[in-house]
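Taken straight from TrEMBL:
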type    : residues                            : note
BINDING : A:ARG41, A:GLY72, A:ASP93, A:MET136 : S-adenosyl-L-methionine binding site
Amino acid sequence: MANATPSTALPEELAKFEAMADSWWDPEGKFKPLHQFNPERLRFIVRQAAARFGRDETADRPFEGLRLLDVGCGGGLLCEPLARLGFSVTGLDAAEKNIRIASLHAEKMGLAIDYRCDLVEKLAERGEQFDVVLTMEVVEHVDNVDLFLAACSHIVAPGGLLFGATMNRTLKSLAMAKIGAEYILRWLPRGTHDWRKFLKPSEFVGSLRASGLVVDTLKGMSFNPIAGTWSLTDDLSVNYLLSASRN
Amino acid sequence: MSSSTPLASSGATLTTDVLIIGGGLVGGTLGCALAQHGIGAVVVDRDSQDHLLEDDYDGRSSAIAGACQRILQVVGIWEHMKPDVQPILDIRVTDSDSPFYLHYDHQDVGEEMGWMASNRTIRRGIFARSAELPNLTMLAPVSLVSLERTQDGVTAVLSDGSTVRAALVVAADGRRSQVRQMAGISITTLPYHQSGIVMTVWHEKDHQGIAHERFLASGPFAILPLPGGHHSSLVWTEKDSLIDSLLSLSPQEFHAELISRFGSFLGEVKVVSKVFAYPLTLQFADRYIDRRLALVGDAAHGMHPVAGQGMNYGLRDVAALVEVLVNAKRLGVDLGSTAILTDYQRWRRPDNMLMLGMTDGIVRLFSNDIKPLRLARTLGLAAVNRLPKLKVFFMKHAMGDVGKLPRLMRGESC
Ligand SMILES: Cc1cc2nc3c(=O)[nH]c(=O)nc-3n(C[C@H](O)[C@H](O)[C@H](O)COP(=O)(O)OP(=O)(O)OC[C@H]3O[C@@H](n4cnc5c(N)ncnc54)[C@H](O)[C@@H]3O)c2cc1C
Ligand SMILES: C[S@@+](CC[C@H](N)C(=O)[O-])C[C@H]1O[C@@H](n2cnc3c(N)ncnc32)[C@H](O)[C@@H]1O
């Protein structure tokens, strides 16, 4: 560890998010898909976390006393609900403007969330630990994926959980997520995603395993264009999410 | 009823989860259901509870379907109504001068067909239950001065000078919903050119829990059993053009008109209430949701009372909205978020449109005197009678047991 480790931040990726930062909380805006599938992915997180930590999902603030880190938190779409459920939440993002927008919004909602503009590898170096680490829809935007996932993994406390989500690198995901969402449905600004950076589930799982985590659940997240709804499925070919644990 | 507490000091700010405008049968039940599930609610009504309970305010009685009775039960309202309800044991549907009639007997499905209760009884039950729930505030008589819905929340200024902040506002303010208008949600209205004349009658013989629905040439005529055996609620549909002359008849003449429709099967009959007339229209809102806003009950859909389903479908909205909101709360999701409201609309709108279509079809099919249609109706009624499976399906439908049921309608808490 003589030289400074390479950074996981890609300046051109961060610039894209800075440019869209004002629309984080607009349900009809550029982040519409994240708003649409937010309840479904939260259900996944809540279910796994409740089982892992022996908490009652129907209680008022079931996750009181547990620390959670959201890596690449953006506007805080996941931080806020999880703070309401009792987690003490730290939101991390490499883009300054996201952190500003997220802090402002949490304040308006009366939620205490610790937002920081920092890099996960820095937190790992400092030896910080969290019971739950999230990194949802982020790996496709970073440099040095293996380094990024290693840092996220090291931050998971013994007995803790990591949740990850991204897009698969298949022809279907190229057609659906990239061309469909960016060009046809115009959900996302063109150029939001670089398909070559999408990660296969085997690559995601392999990288976590190399850092000592065990992947427990792997699920697809599919959009039904007729019903207009997102749901968890076993189809991993486009969007997928996973949970992993450190034993 | 002391849960009606107009704020003493103006300028106070109340913070809650859900603000409900309209504390009628639907809005009041929604407030109780949310509070019971740990979601705070403030219910605002422009009329005082005492006024809403007066005899002359609402002369109607409602047929409560089985699935909706379960909602009232789970929410704790039924407990307060129980002494004053009448089970419906049998429904007889007849066509004018047809020899056949459709006979819905509770023995076919093994439980009562539903219950009758006066709207006063239901309101009293709601008010009594609301007084038991600490996180529910009923404000009346109070009206809405301004309503602001932003990306971050809802702020309402009320006529007593107080301000309410919430994550979501629900329009439960009836057919002429002010909140719906403020949101610019348009409605489609189909007039029937019919009115519903409503009154309570006393009759000599016991009704034995039987409801009668007669399809007369001028429109449907319903006799609905009330508690005690000797009172029934009438819903007498008549062409608008005849309403004024009917209502200005002398008591003897009016009685003669009534008996010519009612018949003599229950012996002597006397009108014992004020006679109310309600214009009937079918209307439906183009959307049920907007930013941090949801419509429920008559604000979203007004139907013809022929099937006795207006309140019942409003209570289905309540059950679905409560389930969606309780689920959202358990995920920590903002209760006013678009994704949540979209789920509610997707769940309720098709179901309500189906019922609107069905009742509309029934009214149009039966409110005329064209010979071939009459024959088809007669054959149809007879056929339904002979096909037990189909009949049970119709009954279950009228009882509210078809489709994807919210948990409250299955008698379960969320
Ligand atoms: C003749 C007739 C018979 C019927 N029979 C049956 C039946 O047997 N079974 C059945 O299920 N349904 C029946 N219905 C339908 C049923 O009565 C309605 O569907 C039901 O009352 C709707 O309830 P609601 O709470 O949505 O609206 P409403 O009952 O109209 O209540 C609205 C409430 O909002 C308040 N309000 C209005 N505007 C404002 C404002 N701007 N600010 C604050 N408060 C406001 C009002 O004071 C009122 O309390 C019948 C209807 C008619 C006309
Ligand atoms: C598609 S958004 C996902 C936001 C959030 N996780 C969600 O799902 O709602 C990706 C986010 O990752 C952030 N990001 C990109 N590279 C990063 C890095 N190396 N470290 C931390 N955050 C990064 C971006 O600024 C952006 O906010």
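Cβ coordinates are placed from backbone N, Cα and C, and glycine is handled just like the others.
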In sequence order, those binding-site residues of A:ARG41, A:GLY72, A:ASP93 whose CB lies under 6 Å from ligand 2: A:GLY72, A:ASP93
S-adenosyl-L-methionine site span - longest C-alpha distance across A:ARG41, A:GLY72, A:ASP93, A:MET136, in Å: 20
Other C-beta atoms that fall within 10 angstroms of the C-beta of A:MET136 (S-adenosyl-L-methionine binding site): 22
DSSP three-state assignment for A:GLY72 (S-adenosyl-L-methionine binding site): coil
